[in-house]
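A.B. asks: Just dropping this structure here.
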């Protein structure tokens, strides 16, 4: 409720933009294949549901599988790099540089190597997903409170105890900020991977629509993708609220010298 | 019986001498304060006693055993309360025991009650005031299996009123359990009120300037703060500290 109350300004701007779009489409008689009016898009979204619901399901399945695998890989890599300093020194710079390779240029290679099945698509999603998670989780591990670490070490905690009792819970908020980014990336990854070649999926629906100049359907696909990203993001946000019940970033009293 | 014995301890970082010629002891059940200007290598000393930094030379004995670079023999309470924010008060209190292997929730509940924190067992640290957090942190040390507690300026972040209450509270809990305490502070009154002995440090490089045994009886009352004898000791220690570092002292 609070969000709605506070968020009325951006919502108002959005509504005004859509109204302007609608009016200019009608006034200037812009043809539907060039730019459909918002009302036409909504109409197609509702009436064409049976045309794309199969595609939608396929994409959701792909996103979930890809995201689960991608984030597991991301967490695994972060933990390995954190626990073995040699690996971190060796691989962290490479990892950063590797992010300069646009995933889309790797896609044709993946098709050559793995064909048009599920595997290359999951690889694409994994590649876009794991990086934000690895980087933010590693960051979280590194920011572990020094005083707490010293306390644990002096108390004789083993490396394993320090990891599970201190570093892992300490890094959870960072992990979630990585997961939130990856959640939206995985939707994008899924659509891109479907462009490469698939029999079903929102990406396929979109390519079909654009090659037959059904611009309204292209917009429907875009809307569906936006909604999916948003829902996915909200789901992660919900999980975060459930899992992290303490207040992060709490600080002690300011220093007062007597 | 000497519980902690430190012999000719020194620490260099490169050619920079941080600590040298440090020798002192803490007897069983004794309350010893280290008094010195901030930044006088006290945290380095604690890290060496705690085993996370190795001394450049010298030896640290605990109950006759060499503990250079060995961890798990002492319980350390850092300057900030250092509670785990995702654990409740009760779960934080048993952390020290958990690390050592076995936890005693019943005893922890009793200690929390004794510490005046009844009803806060299930509260999270962000719901507590600064003084309460310090109490939890101190009970955690008292509950830990180690018999020597290192307290690193635990009250420096508290206001004067809370600090006085906390000092009295600390003594009342400590007098029941009689663990050995090595306490770092830069407040002369605090050191005088709490300790059996005071070791005065000088800075850069840190060495021991002087050592005092205090005659005040226990249990201590806040009234002694205003006695002539107390003021006499305060002057004595102030003179020992004064000179180059006196202006760095908080009081």
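Including glycine, each Cβ sits where the backbone N, Cα and C put it.
In TrEMBL, annotation is done automatically, which means it is predicted and not curated.
Copied straight from TrEMBL:
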DOMAIN    A:56-236  domain 'ABC transmembrane type-1'
TRANSMEM  A:12-35  transmembrane segment
TRANSMEM  A:55-84  transmembrane segment
TRANSMEM  A:91-116  transmembrane segment
TRANSMEM  A:122-141  transmembrane segment
TRANSMEM  A:170-198  transmembrane segment
TRANSMEM  A:218-239  transmembrane segment
A.B. asks: Are there at least 3 C-beta pairs under 8 angstroms linking the transmembrane segment (A:170-198) and the transmembrane segment (A:91-116), leaving out pairs fewer than 6 apart in sequence?
C.D. replies: yes
A.B. asks: Residues of the same chain, at least six outside the transmembrane segment (A:122-141), with any C-beta under 8 angstroms of its C-beta?
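C.D. replies: For the transmembrane segment (A:122-141), the sequence-distant neighbours (Cβ-Cβ under 8 Å, at least 6 residues beyond its ends) are 62-63, 65-67, 69-71, 73-75, 77-79, 81-82, 88, 92, 95, 99, 103, 106-107, 110, 114, 167, 170-175, 177-179, 181-182, 185-186, 188-190, 192-193, 196.
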A.B. asks: What parts of the chain pack near the transmembrane segment (A:55-84), using Cβ distances under 8 Å and only residues at least 6 beyond its ends?
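C.D. replies: Apart from its flanks, the transmembrane segment (A:55-84) reaches 91-92, 95, 118, 121-122, 124-135, 137-138, 141, 159, 163, 167, 175, 178-179, 182-183, 186-187, 189-191, 193-194, 198, 200-205, 224, 228, 232.
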